[in-house]
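Chemist: Before I ask anything, let me first share the structure, which is written out below as C-alpha cells.
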Amino acid sequence: MVDTSSRSAQDIDVAVTALSKRRRIWLLTVASLDVLMVIASMVALNAALPDIAVHTSATQGQLTWIVDGYTLALACLLLPAGALGDRYGRRGALLAGLAIFALASVAPVLLDSPMQIIVARAVAGVGAALVMPATLSLLTAAFPKSERNKAVGIWAGVSGSGAVVGFLGTGVLLHYFSWHSIFYMFAAGAAVMFVATFTIGSSRDETAAPIDWVGAALIASAIAIFVLGVVEAPVRGWTDPIVVGCMAGGVVLGAVFAWVQLRREHPLLDVRLFRRPDFATGAVGITFLFLANFGFFFVEMQFMQLVMGYSALQTAFALSPLAIPVLVLGASLHLYLPKVGLRFAVSVGLALIAVGLLCMRLLDADSTYIDLMWPLLIAASGIGLCTAPTTSAIMNAVPDEKQGVASAVNDATREVGAAVGIAVAGSILAAVYHGTLAPKLADFPAEVRDTATDSLAYAQSIADRLGPEGARLTSLAEDAFMYATSQALLVLALVLIAGSVFVAVWSPGRDGQQWAVIRRRLSPRAPAAGQPEHHRVDDGGDRGRCVGSGSGRHRRGGDQPD
C-alpha cells in the first residue's frame with residue numbers, strides 16, 4: 001500500500017521531536033484518555049435523564065437538548081478549533097479545552113435548572129471541540145511515519161470505545177450515587193487530564209497563515225443549523241417547515257463555504273481534498289460508521305432495558321464486550337492495513353456491521369443474552385475493522401502543519417453522523433411503533449391509547465395499573481416495539497450497505513490506486529515518463545503527488561493548503 005503520509009516543515013517543540021519511546025507512549029496515553037472522556041460525555045447522560053427530569057422538572061424537549069446541546073456545540077466548532085490549534089499551539093488548545101470542559105461539567109451541580117444544565121452542556125461542548133482535534137494532531141506530529149499508523153489506530157480504537165465506556169461509567173455511578181455524580185466525574189477527570197497534559201510537548205505551524213474567520217463562521221453556522229434540523233426532526237417530523245428549512249439552510253451554507261474556500265488564498269479547509277479518494281473514503285466511512293453506531297445504540301439500549309428487562313448497569317456491562325474488537329483491531333492497524341488496503345478494510349467493515357444489525361432483527365421478547373451477543377460481536381468486529389483505517393486515511397492525506405484541521409474533519413464527520421443516526425433511528429422507531437400499535441388498541445380507553453402509543457415505557461407503566469388487561473397491553477406494545485426496532489435496524493443496515501458499495505467502488509486499494517476503470521474515467525493521463533505508475537496516487541483530477549525522494553521528504557501537489 002502506498003504510504004501517503006508526510007512530514008512537513010512545521011514548528012515542533014523539541015520535547016516532541018526528541019521524544020523517547022517511553023515519552024511517546026505517555027503522549028499517546030494522555031491523548032487517548034482525553035478523547036475517551038470527550039466521547040464518553042456524549043452518551044453518559046442518556047441513562048440519567050429520568051432522574052434529571054424528576055429533580056429538575058425538565059420537559060421532554062429540555063431533556064433532549066441536555067444531551068444534544070453538547071453535540072451541537074462540539075460539531076459546529078471543530079474546524080475552527082482545529083485551525084486554532086494548528087496556528088497557536090495544539091497543547092495550548094488542549095489545555096484551554098480541558099479547562100472549559102471541567103468548569104462547565106461542575107456547573108450543573110451548583111446550578112441545576114434545566115436551562116442552566118443545557119447552557120452548561122453547550123459550553124462543555126465548546127471545550128470538547130478544542131480537545132478532540134488537538135489530541136490527534138499532537139500524535140501525528142510527534143510520531144515518526146513508521147509508527148504513526150499504530151498510534152492513530154490506538155487513538156481511533158480508544159475513541160471508538162468511548163460510547164461503551166460512557167455507558168458503563170454512568171451505569172456504575174447511577175447504581176450507587178445520584179445523577180450529580182456524573183458531572184463530578186467529568187469535572188474531576190478533566191482536572192486530572194489538565195495536569196497530565198502539562199507533561200507533554202506541543203506543536204504548531206510556525207508559518208501558518210491567518211485564520212479564515214469568514215470560513216470558520218460559515219462552516220460553524222452550516223453544521224449548527226443542519227444538526228439543529230436533524231435533532232428536531234424526531235419531535236417535529238421530517239416534513240416540518242422548521243426542520244426542512246434548517247437542513248436546507250445548512251446544506252446551502254455548506255455550499256457557500258465550499259465556494260468561498262476555493263477562492264481563498266489561505267482557506268480554513270481546502271475542499272479539493274475531498275476529490276482525493278483516500279480522504280473522501282475516510283470522511284464518508286466515518287460518517288456512515290457513526291450514523292449506524294449511534295442509531296444502533298439508541299434502539300438496542302431501549303430493547304435491552306424495556307424488553308429484556310436489564311437495568312442501566314446491566315445494559316452497560318452487557319455492551320462492554322463490544323470494546324474488545326474495536327480496541328484490538330485499532331491497535332493492530334499497522335499490521336493489517338498494509339496487507340489488505342483501505343478499500344477492503346472499510347468496505348468489509350461496514351458490510352460486517354450491516355450483517356450484525358440484520359442478525360439482530362431475529363431477536364424477540366424471549367431472546368437471551370447469548371442470542372444478542374453474537375450479532376453484537378459481528379457488528380463490533382466491523383466497527384473495529386474500519387474505525388482506525390478511516391481516521392488514518394484522513395490524517396495521512398494532509399501535510400503535518402494542517403493536522404489540526406484534518407483531525408477536525410475526522411471529528412466533525414463523527415458528530416454529524418452520530419446526530420443523523422440517532423435522529424433517523426428515533427424517527428423510524430417512534431413512527432412505526434405508533435403506526436403499528438394504535439390500530440390494535442381500539443377497544444382500550446382513549447387516555448390509554450394516547451399514552452401507550454407514545455413509547456413502550458409509557459405503555460408498560462400504564463399496564464401495571466390496568467389489571468387483567470395490562471398483560472394484553474404489554475404484549476401488544478412489545479410486539480409493536482420489536483417490529484419498529486426491526487425496521488429501524490433494517491434501514492441502518494441498508495445505509496451501511498450503500499456506504500460499503502461506495503467505498504468498494506471509490507476507495508484506493510492495497511497499492512494506493514483506485515480501480516483501473518475509475519482512474520481511466522477520472523484521470524486518463526498516463527504517468528510521466530520514467531515514473532512507475534504505482535508511485536502516483538490519483539486524486540480524482542488534481543495534480544498527482546510524488547511519493548519518495550532521496551531526502552525522505554514528500555512533495556505534495558497543488559491541491560494542498562499552504
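Using the three backbone atoms N, Cα and C, a Cβ is placed for every residue, glycine included.
Annotation source TrEMBL lists compositional bias 'Basic and acidic residues' at 532-545. The domain 'Major facilitator superfamily (MFS) profile' annotation in TrEMBL covers 27-511. Residues or ranges marked as region 'Disordered' in TrEMBL: 525-562. The feature transmembrane segment is assigned by TrEMBL to 25-45, 65-85, 92-111, 117-139, 151-176, 182-201, 213-230, 280-299, 311-337, 344-363, 416-435, 480-506 (among others).
Context for these features, please: burial, neighbours, distances.
Modeler: Away from its own ends, the transmembrane segment (25-45) comes close to residues 16, 19, 52, 66-67, 70-71, 74, 94, 98, 101, 105, 121, 124, 128, 131-132, 135-136, 138-139, 142-143, 151, 154-155, 158-159, 161-163, 165-167, 169-170, 179, 182, 186, 189-190, 193, 196-197, 199-201, 297, 418 of its chain (Cβ-Cβ under 8 Å, at least six residues beyond either end).
Listed by sequence, the residues of this chain that lie at least six past the ends of the transmembrane segment (65-85) yet keep a Cβ under 8 A from its Cβ atoms are 38, 41-42, 45-46, 49, 52, 58, 92-94, 97, 114, 117-119, 121-126, 128-130, 132-134, 137, 204, 211-212, 216, 219-221, 223-224, 227-228, 231, 268-269, 404-409, 411-412, 415-416, 418-419.
Long-range Cβ contacts of the transmembrane segment (151-176) within its own chain (Cβ-Cβ under 8 Å, at least 6 residues beyond either end) map to 24, 28, 31-33, 35-48, 51, 135-136, 139-140, 143, 182, 185, 293-294, 297, 301, 311-317, 319-320, 322-323, 326-334, 383-384, 387-388, 390-392, 395.
Counting same-chain residues at least six beyond the ends of the transmembrane segment (213-230), those with a Cβ under 8 angstroms from any Cβ of the stretch are 68, 71-72, 75-77, 79-80, 83, 242-247, 249-251, 253-254, 256-257, 260-261, 264, 267-269, 412, 415-416, 419-420, 423.
Remote same-chain residues near the transmembrane segment (311-337) are listed as 1, 47, 147, 149-150, 152-158, 160-161, 164-165, 167-172, 174-175, 301, 304-305, 345, 369, 372-373, 376-377, 379-381, 383-385, 387-389, 392 (criterion: CB distance under 8 Å, separation of at least six residues from the stretch ends).
Remote same-chain partners of the transmembrane segment (344-363), defined as residues 6 or more beyond its termini with a Cβ less than 8 Å from a stretch Cβ, comprise 281, 285, 288-289, 292-293, 296, 300, 303, 336-337, 371-372, 374-387, 389-390, 482, 485-486, 489-490, 492-494, 496-497, 499-501, 503-504, 507, 509-510.
Taking Cβ pairs closer than 8 Å, the transmembrane segment (480-506) reaches residues 277, 280-281, 284-285, 287-289, 291-292, 295-296, 299-300, 302-303, 306-307, 343, 346-348, 350-351, 353-355, 357-358, 360-361, 363-365, 421, 424-425, 428-433, 436-437, 440, 456, 514-515, 518 in its own chain, all 6 or more past its ends.
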Chemist: Sort out for me which stretch, of 92-111, 117-139, 182-201, 416-435, has the most Cβ pairs below 8 angstroms to the transmembrane segment (280-299).
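Modeler: By Cβ pairs under 8 Å, 416-435 leads among 92-111, 117-139, 182-201, 416-435.
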